[in-house]
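Going by TrEMBL, these are the annotated features:
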- A:293-487: domain 'ABC transmembrane type-1' (DOMAIN)
- A:40-61: transmembrane segment (TRANSMEM)
- A:119-137: transmembrane segment (TRANSMEM)
- A:157-178: transmembrane segment (TRANSMEM)
- A:223-242: transmembrane segment (TRANSMEM)
- A:249-270: transmembrane segment (TRANSMEM)
- A:290-316: transmembrane segment (TRANSMEM)
- A:328-352: transmembrane segment (TRANSMEM)
- A:364-384: transmembrane segment (TRANSMEM)
- A:421-446: transmembrane segment (TRANSMEM)
- A:466-486: transmembrane segment (TRANSMEM)
Amino acid sequence: MSDLSYVRAEMLPERAPPASQVGFVGWARQNLFNGVGNSILTVLSLIFIWYVVSFLLSWAFSPTWNSASLSECREIFGAESGHHAACWGVINDRWQQLLFGFYPNGSEEGTSDLRWRPILAFLLLFVAVTPVLFNMISRRMNWVLLCAVLGLTSLYLGGALGIVVGLALIAAGAAIGYKALTADKTARAAEIEAGAKRLPNPLIFSAIYPFIAPWLLWGGSLWLPIGAALGFVIGYFVFRFLAPIAGSLVGMIVAVLVALVWWLLLTVGFADLMQSIIPIGLEPVESRDFGGFMLSITIGVVAIACSLPIGIVLALGRQSDLLIVKALCVGFIEFIRGVPLITLLFVASTLLNIFMPPGTNFDIILRVLIMVTLFAAAYMAEVIRGGLAALPRGQYEAADALGLDYWKAQRLIIMPQALKISIPGIVSTFIGVFKDTVLVSIIGLLDPLGLSNAIRADQAWNGVVWELYGFIALLFFIFCFSMSRYSMYLERRLRTDHR
Amino acid sequence: MSSITLETHADRSKMEVSDEVAIEIRGMNKWYGAFHVLRDIDLTVYQGERIVIAGPSGSGKSTLIRCINRLEEHQEGQIIVDGTELTSDLKNVDKVRSEVGMVFQHFNLFPHLTILENCTLAPIWVRKTPRKEAEEIAMHFLEKVKIPEQAHKYPGMLSGGQQQRVAIARSLCMRPRIMLFDEPTSALDPEMIKEVLETMVELAEEGMTMLCVTHEMGFAKEVANRVIFMDAGQIVEQNEPEEFFNNPQNERTKLFLSQIL
Ligand SMILES: Nc1ncnc2c1ncn2[C@@H]1O[C@H](COP(=O)(O)OP(=O)(O)O)[C@@H](O)[C@H]1O
Ligand SMILES: [Mg+2]
């Protein structure tokens, strides 16, 4: 028998993998051509892709941007010869309508171009959400962004005042930004440690944005949004005052009631009164002039922003030990989920008016907003419940054992984890809601799809289909794809295991 | 089962038991639905005592110590912790919980927070300690459990033994007067069991009142001043460790010890 013992005298050095495993060749061999069947499939797929792409490109690259009607397009690319190509003239002619609907653009006698308002609201939306969505953007840059947006708007509006204010804002922004570029981070941290003033938290702006945006879009007296915001302030102080005396639950209920009374009965009077003393306001715009992507984004953003907190409350309510709370939440969720959104929209557009006292004017967009939000919230609640169910019981027990009360445990321990688990589901719901906003065209609101029908009704563009739908699809895709990418970024950022 | 031998011998001279009562349980009964899980429990724990609770699986050990900080509710009898009786009054429950620390079998660290944040969370939000001070306290206890260098990592990046030591530090940051341990080492590899037990020995040497559910009989012999044996929801036998191990009285205890040792 041979000797079984063996002792290695020297360790083997590391070798590079064989050339067939690395680089493009290696990748292609492994993924595209491993085996006869796969190779055939790869070649067939390539041929198919080539066919589709070349068809699409020859369709899309057509020199019709400046044509004024479909027949003009046909002349340009020669439809008689059987050639099919896109007629981009319709987008050139109508893109502003697709974006803004019939929002006043100054084309009619006696009106002025107000489209800067939705654009400003849209830009401010980004300023408002960045501190919420990204933690890599410093407070400084956020204020720079805000100054820049407001400054440019002011310059655009022009007039002596506009130019002075605009330049001042831009100068302020530049000053803040310059400090960010020059100041050394650690030095700045030391300064703050020593008591230097910090810039105010940009979340302050995020908090007031919900009141600014509707004012910009619908116009009217500035005192109305201020009145609406005051409702929250009043509710807060009622709660602060009552909670130590009567307990937090009673305090909460009374605070909500007081705020509701303020909003429903007193806000309008307050706004009128203040308006008569100090009139500040923007030219009002009717809801029926809203349309296009502006409308989709308005509905989408409100539904997304409101459905998350409502969904959280519903999900917690569904898990509650209080029987009535639980029954209410389950009933609400199951009812809303059991009814198609279109039905709810029809209720919003027709039935609600029957139940309203005659003469009340309950804005149609507001009604739709409420319905879409409730619809989204019901789905959100179930998504979040999934996240809650996925949390091990030990997390609740550890929070209890440390002496955290229910709300603190929810806020600090349970919700951060449950929401993190639910991110894919939450974002799917967001995307779904955003796309569902096109359903409002069924009740006669002019969202992009509604407008595309209106545009085709025009003699010049009768028969244009793909170009309009393609344009609309592209814009929706941009929004939905960004949301999806953001959710992936967020999941990566929040991953805390095995980094 | 108990293969771990502790290197350091616990210094029993420092472990003083005062005659001040820390926990008083009188005629306590608990049911899960119709299942009578704890039966007529009477137990008095004095300040500074180190009690090890042993017994077969399902005998109600976890339930007993979970009743002490009201993670479970008892239906009959009285539990008085540091002079506060546990009733449905939430104020009392909160008071007891902030004075009683608990360490779980599966650590139950908060995975979305760093080690330091795990330790400062309760002091900041329950005790209203200023953040800076809370961080200093946390670092003090992390040093004590010998992992200050991990303070800014997340729990998922630590070994089981390290996580359990963090869990101990997290409880200590609330400055509890009583610590409850529910099988703190049974989810760990032998190597890590030792580091956790050593941390617990140190804690005992500082005079902490401890109730440990554990199968580590080496720890019981070294540290405990009383061993309680439970079976079928009842306290079957309790004695000093020496007597308990060398001269068990009850048949079930004898059977259990013959299996475990
Ligand atoms: N939440 C619960 N609901 C119903 N039965 C339970 C629950 N928790 C534990 N039990 C039962 O109570 C008994 C005692 O459990 P436990 O205290 O965990 O035992 P030990 O910790 O001694 O192993 C076991 O029979 C177990 O099945
Ligand atoms: Mg147990």
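Cβ atoms here come from the backbone N, Cα and C positions, even for glycine.
A TrEMBL annotation is a machine prediction, not a hand-curated record.
A quick note: this is a predicted structure, and the numbers were derived from the prediction, not measured.
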Do the transmembrane segment (A:290-316) and the transmembrane segment (A:364-384) come close, with at least three CB pairs under 8 A (pairs 6 or more apart in sequence)?
yes
Surrounding residues of the transmembrane segment (A:223-242) on its own chain - C-beta under 8 Å, 6+ positions past either end:
208, 211-212, 214-215, 248, 250-252, 254-256, 258-259, 262-263, 266-268, 270-272, 274-275, 280-281
Quick test of the contact rule: Cβ under 8 Å, at least six residues beyond the ends. What residues does that give for the transmembrane segment (A:421-446)?
101-102, 290-292, 295-296, 299-300, 303-304, 307-308, 341-342, 345-346, 348-349, 364-365, 368, 372, 375-376, 379-380, 383-384, 386-387, 390-391, 453-454, 476, 479-480, 483-484, 486-487, 490-491, 494
At a C-beta cut-off of under 8 Å, are there same-chain residues at least 6 beyond the transmembrane segment (A:249-270) that contact it? List them, or none.
223-224, 227-228, 230-232, 234-236, 238-239, 241-243
Under 8 Å between C-beta atoms and at least six residues away from its ends: which parts of the chain pack against the transmembrane segment (A:328-352)?
314, 317-318, 320, 362, 364, 367-368, 370-372, 374-375, 377-379, 381-382, 436, 439-440, 442-444
